[in-house]
Amino acid sequence: MAGIPGLLILLLVLLCVFMQVSPYNVPWKPTWPAYRLPIVLPQSTLKLAKPDFDAKAKLEVSSSCGPQCHKGTPLPTYEEAKQYLSYETLYANGSRTETQVGIYILSNGEGRARSRDSEAAGKSRRKRQIYGYDGRFSIFGKDFLLNYPFSTSVKLSTGCTGTLVAEKHVLTAAHCIHDGKTYVKGTQKLRVGFLKPKYKDGAGGDNSSSSALVEKMKFQWIRVKRTHVPKGWIKGNANDIGMDYDYALLELKKPHKRKFMKIGVSPPAKQLPGGRIHFSGYDNDRPGNLVYRFCDVKDETYDLLYQQCDAQPGASGSGVYVRMWKRPQQKWERKIIGIFSGHQWVDMNGSPQDFNVAVRITPLKYAQICYWIKGNYLDCREG
């Protein structure tokens, strides 16, 4: 899109995203559903040997198992779910631990938890991640970049994207820091980059007189204190189970002091506003630019969303979000419902079809990630 028509479309998109204005006069409000959430709690922790940090960073993940393949796979048993949701923690000094978890449901009317007896918990080719016309929008200007929701997107020193989900926490894709066997080179000194204005000499601050002297944006980096990666990714990376658990949480050494976006349980695709998802990331083909896009969900499984949002390596780890009505508070709210993972070529009725894939935040994954953030399951009762 170029020229005046393209500019007008871009301005309309930014108005809808930034000002929370809907381009459609819908007579109903898509509402965040209420879920009865499980509880994922640590049971035992084991110290592990220090890992090698020699894996090459992969900025995308590919799989030949598409929607029909995944739909034909049975949901994990209770014991399998516990194995997949157990997790590895890496600390800044290079030490690591493995934590086994239990899965519970909260007894009605009680503040205690009880054990849950059961839980339903291609072919090589050039990867095409741009579909038809490139529908991505580079976001320029500090008035947009430094304000919500775009300000929640951050860059990882390994080359991926992450999203601020709490005062000190960043959600990203597991493959950005771990290849399924060991940690990516540079993970021990992992940093998270925040866009901020770069001023010419003698300028500074956010007042109007100095804002005219803004030269460009730059990254300010904060070190990561520890990371959590589910064992479903580590155990399952050799097969298509791993794709379902391609997410990780990073804890920063200090608060970032920005507005963040909460996580939420992913509703069924038919309940999403317009059937669409949104995400912003640092695609490698537009270095230094934050790139926003939105598109329709084409298909879904219990753990994955299949879509054809235009994306390039570097966007992996972006938080996939939607904006829906929160009935108790009587307000609109955006929530992260998934993590952009990568690209798939799949066989659809004998014809090759490619998708970009996002990992859905299911009730179990929500309980796990929320506990990583809060450290108290009682604070994780609302998805």
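The backbone N, Cα and C atoms fix where each Cβ goes, glycine too.
The shown structure was predicted, so the numbers you read here are calculated from the model rather than taken from an experiment.
Annotated in Swiss-Prot:
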- 1-23: signal peptide (SIGNAL)
- N93: N-linked glycosylation site (CARBOHYD)
- C160-C176: disulfide bond (DISULFID)
- H175: active site, charge relay system (ACT_SITE)
- N207: N-linked glycosylation site (CARBOHYD)
- D240: active site, charge relay system (ACT_SITE)
- S316: active site, charge relay system (ACT_SITE)
Those disulfide-bonded residues listed as C160, C176, and which of them has the most Cβ atoms within 10 Å of its own Cβ: C176
Per-residue Cβ crowding (10 Å cut-off), top of active-site residues H175, S316: S316
S316 (active site, charge relay system) and H175 (active site, charge relay system), distance between Cα atoms, whole Å: 9
S316 (active site, charge relay system) versus C160 (disulfide bond) - Cα distance in angstrom: 6
Integer Å distance between the CA atoms belonging to C176 (disulfide bond) and S316 (active site, charge relay system): 8
